[in-house]
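Engineer: Okay, so Swiss-Prot annotates it like this:
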- 1-18: signal peptide (SIGNAL)
- 79-100: repeat '1' (REPEAT)
- 79-254: region '8 X 22 AA approximate tandem repeats' (REGION)
- 101-122: repeat '2' (REPEAT)
- 123-144: repeat '3' (REPEAT)
- Met142: methionine sulfoxide (MOD_RES)
- 145-166: repeat '4' (REPEAT)
- Ser146: phosphoserine (MOD_RES)
- 157-167: region 'LDL and other lipoprotein receptors binding' (REGION)
- 167-188: repeat '5' (REPEAT)
- 189-210: repeat '6' (REPEAT)
- 209-289: region 'Lipid-binding and lipoprotein association' (REGION)
- 211-232: repeat '7' (REPEAT)
- 233-254: repeat '8' (REPEAT)
- 265-316: region 'Homooligomerization' (REGION)
- 277-289: region 'Specificity for association with VLDL' (REGION)
Amino acid sequence: MKVLWVALVVALLAGCQADMEGELGSEEPLPPEQPRGQDSQPWEQVLGRLWDYLRWVQTLSDQVQEELLNTQVIQELTVLMEETMKEVKAYREELEGQLAPMAQETQARVSKELQAAQARLGSDMEDLRNRLAQYRSEVQAMLGQSTEELRARMASHLRKLRKRLLRDADDLKKRLAVYQAGASEGAERSVSAIRERLRPLVEQSQSRAATLSTQVGQPLLDRAEAWRQKLHGRLEEVGVRAQDRLDKMRQQLEEVRAKVEEQGSQIRLQAEAFQARLRSWFEPLVEDMQRQWAGLVEKVQLALHLSPTSPPSENH
């Protein structure tokens, strides 16, 4: 994206610095449109969209005239200038960081060229805004009249701008590719140099580690074996103690179970004796009550049979 902005703005400024009053007799056809498929680069796609916008401006339609009259084009250009300068500055800093592994002389030269290009870019964009303001005044003066002359001048200017735009963008792409290749080559050389410097240190560290492992490894193994045996003895001791406690708990449980069974037997015998005692208490009472009830019933029945039948009373 940063390469795209640099290519776009530099090429645009190169075309705008040309003479606006160039010869109109050169009516050569416009350069062919570049393909905008998925295989094309992002900057190529944006250049194509920019050229579509320029073609739209060239039509001098009602919308184009309206935007020229209300200074919308100049406002959008101002925003674009600010964003472009930010992108150029960020890209320059990033490229200088990538060129750090290169030689100091080369790095200083490239940095100086980039700073000079950035300064020229700011000056040229300011000039572009002034030219556009002047061109807007001409459009305002000619609106309502015949726009054929204005359209012809704009068509000629756009053809020249198109050529320079493509040429400068291609040149900038090649320059940036060279700088990027130099940065990559310098980075690879720097990494190789660092690797060569670190290789003896790594080998020395590996040798020391092997020696230290030989010297320290055996004592550590002996100590680990002693710890293992000590731990094994403690585990066995703990196991014996745990087994003794389990045996004692099992014995206590057996004693508790025996006592519970004994107490259960005693309670059962006491319950049976209490039941027999209750039976001996209540059985005579029940038999006596049964005899008394039978006698009472017998007396009632006898009284009913012996009573004379009397006629019913008249009062009834």
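All positions are counted from 1 along the displayed chain.
Cβ coordinates come from backbone N, Cα and C, glycine included.
Are these features on the surface or tucked inside, and what are their neighbours?
Structural biologist: Taken as a whole, the repeat '5' (167-188) shows an average pLDDT of 62 in this prediction.
For the repeat '8' (233-254), no residue of the chain approaches it from at least six positions outside its boundaries, judged by C-beta separation under 8 angstroms.
Counting residues per DSSP class in helix, strand and coil order gives 13 helix, 0 strand, 0 coil for the region 'Specificity for association with VLDL' (277-289).
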Engineer: List the helix, strand and coil residue totals of the region 'Homooligomerization' (265-316) as derived from DSSP.
Structural biologist: 42 helix, 0 strand, 10 coil
Engineer: On the DSSP side of things, how many residues of the repeat '8' (233-254) fall into helix, strand and coil, could you say?
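Structural biologist: Secondary-structure composition of the repeat '8' (233-254): 22 helix, 0 strand, 0 coil.
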